[in-house]
Amino acid sequence: MKKDLHPEYKRTMASCACGNTLEVGSTRDEIKVEICSKCHPFFTGKQKLVDTAGRIDRFKKKYAGFDAAAAAKKK
(Lines of atoms letter the chains of each structure in order from A and count residues from 1; the text may use other names and numbers.)
(Lines give C-alpha, C1' and ligand atoms only; values in the text may rest on other atoms or scores of the structure.)
Protein backbone atom coordinates (compact mmCIF):
# COMPACT_ATOMS: atom_id res chain seq x y z
CA MET A 1 0.00 0.00 0.00
CA LYS A 2 1.15 3.53 -0.72
CA LYS A 3 1.84 5.77 2.24
CA ASP A 4 0.40 9.29 2.57
CA LEU A 5 -2.19 8.59 -0.12
CA HIS A 6 -5.21 9.93 1.73
CA PRO A 7 -5.57 13.50 3.03
CA GLU A 8 -5.44 14.08 6.77
CA TYR A 9 -8.95 13.82 8.26
CA LYS A 10 -9.31 15.92 11.40
CA ARG A 11 -11.89 17.50 13.70
CA THR A 12 -12.67 21.05 12.60
CA MET A 13 -15.16 23.78 13.47
CA ALA A 14 -17.94 24.75 11.07
CA SER A 15 -19.25 28.26 11.78
CA CYS A 16 -22.59 29.62 10.59
CA ALA A 17 -23.48 33.21 9.74
CA CYS A 18 -25.90 33.20 12.71
CA GLY A 19 -23.00 32.56 15.11
CA ASN A 20 -23.59 28.85 15.74
CA THR A 21 -20.54 26.57 15.61
CA LEU A 22 -20.42 22.81 15.08
CA GLU A 23 -17.55 20.39 15.42
CA VAL A 24 -17.33 18.16 12.34
CA GLY A 25 -14.79 15.92 10.67
CA SER A 26 -13.16 17.29 7.52
CA THR A 27 -9.95 17.63 5.57
CA ARG A 28 -10.30 21.43 5.72
CA ASP A 29 -9.08 23.63 8.56
CA GLU A 30 -12.15 25.87 8.72
CA ILE A 31 -15.68 25.71 7.27
CA LYS A 32 -18.03 28.69 6.98
CA VAL A 33 -21.71 28.21 6.07
CA GLU A 34 -24.53 30.70 5.52
CA ILE A 35 -27.31 28.68 7.13
CA CYS A 36 -27.44 25.83 9.66
CA SER A 37 -30.02 23.79 11.55
CA LYS A 38 -30.32 26.47 14.26
CA CYS A 39 -31.38 29.18 11.79
CA HIS A 40 -32.89 27.21 8.86
CA PRO A 41 -36.67 27.81 8.50
CA PHE A 42 -37.40 24.07 8.21
CA PHE A 43 -35.90 23.35 11.63
CA THR A 44 -36.98 26.55 13.41
CA GLY A 45 -40.58 26.55 12.17
CA LYS A 46 -40.31 30.23 11.26
CA GLN A 47 -40.47 31.40 7.68
CA LYS A 48 -37.59 33.69 6.85
CA LEU A 49 -36.47 35.21 3.57
CA VAL A 50 -32.92 34.18 2.82
CA ASP A 51 -31.61 36.48 0.10
CA THR A 52 -27.93 36.05 -0.58
CA ALA A 53 -26.42 39.13 -2.21
CA GLY A 54 -29.69 40.32 -3.77
CA ARG A 55 -30.38 37.22 -5.87
CA ILE A 56 -34.11 37.85 -5.89
CA ASP A 57 -33.65 41.44 -7.03
CA ARG A 58 -31.27 40.38 -9.80
CA PHE A 59 -33.72 37.70 -10.96
CA LYS A 60 -36.64 40.14 -11.05
CA LYS A 61 -34.55 42.74 -12.90
CA LYS A 62 -33.31 40.19 -15.44
CA TYR A 63 -36.75 38.81 -16.29
CA ALA A 64 -38.86 41.97 -15.84
CA GLY A 65 -39.15 42.66 -19.58
CA PHE A 66 -40.25 39.18 -20.61
CA ASP A 67 -43.92 39.65 -19.69
CA ALA A 68 -44.16 42.87 -21.69
CA ALA A 69 -42.33 41.35 -24.66
CA ALA A 70 -44.57 38.26 -24.64
CA ALA A 71 -47.74 40.39 -24.52
CA ALA A 72 -46.53 42.54 -27.43
CA LYS A 73 -45.65 39.45 -29.45
CA LYS A 74 -49.17 38.01 -29.07
CA LYS A 75 -50.79 41.15 -30.55
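The count begins at 1 with the first shown residue.
The backbone N, Cα and C atoms fix where each Cβ goes, glycine too.
Here's what Swiss-Prot has on this protein:
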BINDING   Cys16, Cys18, Cys36, Cys39  Zn(2+) binding site
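Shown are the binding-site residues Cys16, Cys18, Cys36, Cys39; of these, the residue with the fewest other Cβ atoms within 10 Å is Cys18. Secondary structure at Cys39 (Zn(2+) binding site), taken from DSSP and collapsed to helix, strand or coil, is coil.
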